[in-house]
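Engineer: Sharing the record's features from Swiss-Prot:
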type    : residues                       : note
MOTIF   : 57-67                          : motif ''HIGH' region'
BINDING : GLU547                         : L-isoleucyl-5'-AMP binding site
MOTIF   : 588-592                        : motif ''KMSKS' region'
BINDING : LYS591                         : ATP binding site
BINDING : CYS876, CYS879, CYS896, CYS899 : Zn(2+) binding site
Amino acid sequence: MDYKETLNLPSTEFSMRANLVKKEPEMIKKWHEMDDYNLILKSREGKPKFVLHDGPPYANGNIHIGTATNKILKDIVIRYKTMRGYYAPYVPGWDTHGLPIEHRVSVEMGEKIKGMSPVEIRQKCKEFALHFVDVQREQFKRLGVRGDWDNPYLTLDPKYEKHILNIFKTLVKNGNVYRGNKPVYWCPTCKTALAEAEVEYHDHSSPSIYVKFELEKNTYIVIWTTTPWTLPANVAIAVHPEYDYVKIKVGNEYWIVAEGLLNKFAAETEIEYSVVEKFKGKDLEHKKAKHPFMNRESLIVLADYVTLEDGTGCVHTAPGHGAEDYLTGIKYNLPVLSPVNEEGVFTKDAGKYAGLKIWDANKVIIEDLEKLGVLIKSQKIEHSYPHCWRCKNPVIFRATPQWFISVDRNGLREKVLEEIKKVEWHPKWGENRITAMVKERPDWTISRQRVWGTPIPAIKCKECGEVFLDEKVIDNFVNIVEEKGTDAWFELSEDELIPEGVKCPKCGKNSFEKTYDTLDVWIDSGCSFEAVIRSKGEKFPVDLYLEGDDQHRGWFQSSIFMSVAHTNIAPYKSVVTHGFIKDEHGRKMSKSLGNVIDPKEIVDKYGADILRLWVSSIDFFDNIRVGKNIIQQQVETYKKLRNTLRYLLGNLNDFEENMIVPFEKLLPLDKWALGRLQEVISQVTEHFEKYEYSKVYSLLNRYCTVELSATYLDIIKDRIYVEAKGSIYRRSAQTVMYYILQSLIKMLAPILVFTAEEAYQLSPFKKYETVHLEYWPEVKEEYIDNQIMEDFKMILLIRDDVLKALEEARKQDIIGHSLDAKVTIEGLNDNVQMIIEKHKDYLSEIFIVSDVEIGNGQTKGEFVSVTVEKAKGEKCQRCWKYSEDVGKDDTYKDVCPRCAAVLKGERK
């Protein structure tokens, strides 16, 4: 007789093949039709709020692996918090102003842009930004990210711009905004000032030259520079007051350098010398050297920032081309020379170099220095150099009139530092990082010489040329913006923009013209706490900001400065950061290396759940690695998780909630499995709370593959398949499988949003329209029997000893399948022996063998001695266990008594 039809074989529509690429878009459509975002929020009305505020990605292209990772991490947080019972809204946003967009539009428009008005350029920029908002929105939705996609916040929205200007007015009112002629980062390609956060460092080849300035007849002070083009602006040479300096004789000349750099300098320049004098740097103060090619003198000044790392300890100083140089210039009342125009071309003030591009001038200046006999050494060096974040070209320091935020006025910096201490930083080193940055940061350059941005409503007096900010002008403009947007600044006349009664603070006249600088985009996004959260009555400060760790100098910093200036408190309670994404070998991704991973390719090939699983697998607090092999590993892990879900669903096809067996009636093994589930829920919950998703991933992966598939589910397979459908033996195991499946689906739901939904819809416990309306599994202490947990901890260790012995017997051809075996075991100590005796009735099931005898074993394991031999009797044709009682039943001659009783309906 074929007994296959008498077995309780698994059956489910949850297929082994995931087919995520086809199924996921169908689920997204279904969620959209049910309005899942609002449906889920409504279900949590009146509950405690959890607000994660979205840092806006830039709307200037397709999403990349970094933005995809960031959005998935945020989605995991929101979904988990929602399941924990929080009212957790998620309003996505986009950064839509600024240079990157204007640059792209300029490239697309080509020569046409020269004939376009500012308003026309702004309109093109707006269209470009809104197009990519739509593109990115669909791409994020395809990743399974849930949010208020129909109502995102956009920094170009007039309602948003109004709040930018109101916060700007607060800064003006508090005296934190000033105009100054200071050296700032300047991009000659994009022709605009840049803030520190808009500068990236890349390797760059620069000239490295040693030049001598004549101090007195036949005596020279030697400087070193990697920017020869700044020499026309040199007005001083800085030395350290406390360093020792030496006068050395080289040929018939005397040169001055720092003693601490003498050996390095001599080796690089290949000179022979003798030391003739030694003195402190402060002894050189106020002496004057002759500029090598400009008709002026260079003052010797003192500066503590001079180091003994490179060069000569005598630092070329041009206040118009360096932040430290500028401060030294103020101290010594030096002129701020910057003979370079917005395109990086020398002006007439550079003398013979006028009209030359600065990078081309390097070569000419070096040649001239050589002709003048003052060039000691010239070579090339590779070093890290600042580049524009948008065009990727090198930037310069250039003194120009700009608007700045003073970070020290009114104690702003100190207040920010105090607020940083109150924030919870994940990882903890984030606090040290942002603290160091805030302590060291210079005043903030906030003006940009571009049209696509929030205009700075500054006006210029036609009579005396004074450029200033007036609160009445700002107030009037705020009212106009709410109705007409910031284009109004470019469209309306001065009479419409400037209210009556405004007078020039310098000369008292009232004839003005507009200026056209726009605000740094970091001001835009830094004001989101007000525009998106506080002004709408949302919870403030918010619970969480979650971004890449580059935002310590970007959005985290701009937000806390704006918030403290406007509200006196930090805008966030907690900050979580993730690292940069690199390839499998830890290299930066680049098109030239061919190692760029496109999230769209992963989603199109494997499905979004695979990408989401990868995101959960990474220890994202550190730098993150991804590549084809790593993604393939996630595909394999996913298959194991899916197969576990499928097995559980398949074996619960005839099980309903009313069939649940009370805990006290469960079999001991099932009690252990249910208790272990509580431990897993507790550990997973703890990891979610700490944003340690890689630990969630590892724990659930091990739980499914080792503890369930290879252990518990393998052990109970006999009971599930062979025992009577409604028997206590089967229902006891099914009860625990029910709880495991229910909890597993819920714990996977924030990560595998699509797979969890698919499994939930086919589960016996479905009670909501979507799994994402479900609540997080709770730890039930009453399901933890401490004695059972302790006993089975040992039993599973004993099982490991037995499995090793079975494997050895298999190699020796004593057995084939483990059910061919009879095992004899004995504990190696009294405690082990006691546990064996106590649970002897279940040991054959746990070891998956036909018979277990307690007695002296031949092979010593760690906890028991084991003997494996061929089981006695015949093989039952239904359960495959060996028994000496096979054939004793008159009706079923080839099965064991247990199977005969099942077939007759006698086993309950």
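Cβ coordinates are placed from backbone N, Cα and C, and glycine is handled just like the others.
Small disclaimer: the values here were computed from a predicted structure and weren't measured.
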Engineer: DSSP-wise, what's the residue breakdown of the motif ''HIGH' region' (57-67) into helix, strand and coil?
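Structural biologist: Helix (H, G, I), strand (E, B), coil: 3 helix, 1 strand, 7 coil.
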Engineer: What are the helix, strand and coil residue counts for the motif ''KMSKS' region' (588-592) according to DSSP?
Structural biologist: 0 helix, 1 strand, 4 coil
Engineer: Mind looking up the mean pLDDT for the motif ''HIGH' region' (57-67) in the predicted model?
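Structural biologist: Its mean pLDDT is 91.
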Engineer: Using an 8 Å cut-off from the Cβ centroid of CYS876, CYS879, CYS896, CYS899, can you name the remaining same-chain residues around the Zn(2+) site, in sequence order?
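Structural biologist: Apart from the listed residues, the neighbours are VAL722, GLN877, ARG878, TRP880, LYS881, SER883, VAL886, VAL895, PRO897, ARG898, ALA900.
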Engineer: Provide, as an integer number of angstrom, the distance between the C-alpha atoms of CYS899 (Zn(2+) binding site) and GLU547 (L-isoleucyl-5'-AMP binding site).
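Structural biologist: Spelling it out, the Cα of CYS899 (Zn(2+) binding site) and the Cα of GLU547 (L-isoleucyl-5'-AMP binding site) are 60 Å apart.
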Engineer: Report the nearest neighbour of GLU547 (L-isoleucyl-5'-AMP binding site) in space among the binding-site residues LYS591, CYS876, CYS879, CYS896, comparing Cα positions.
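Structural biologist: Comparing Cα positions, the closest of these binding-site residues turns out to be LYS591.
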Engineer: What is the separation, in Å, between the Cα atoms of CYS876 (Zn(2+) binding site) and the residue listed as 'ATP binding site'?
Structural biologist: 63
Engineer: Give the residue from the binding-site residues CYS876, CYS896 that has the most other Cβ atoms within 10 Å of its Cβ, counting over every protein chain displayed.
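Structural biologist: Of the binding-site residues CYS876, CYS896, the most buried by Cβ count within 10 Å is CYS896.
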Engineer: At the level of the C-alpha atoms, what whole-angstrom distance separates LYS591 (ATP binding site) and CYS879 (Zn(2+) binding site)?
Structural biologist: 59
Engineer: In which DSSP state, out of helix, strand and coil, do we find CYS876 (Zn(2+) binding site)?
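Structural biologist: It is coil.
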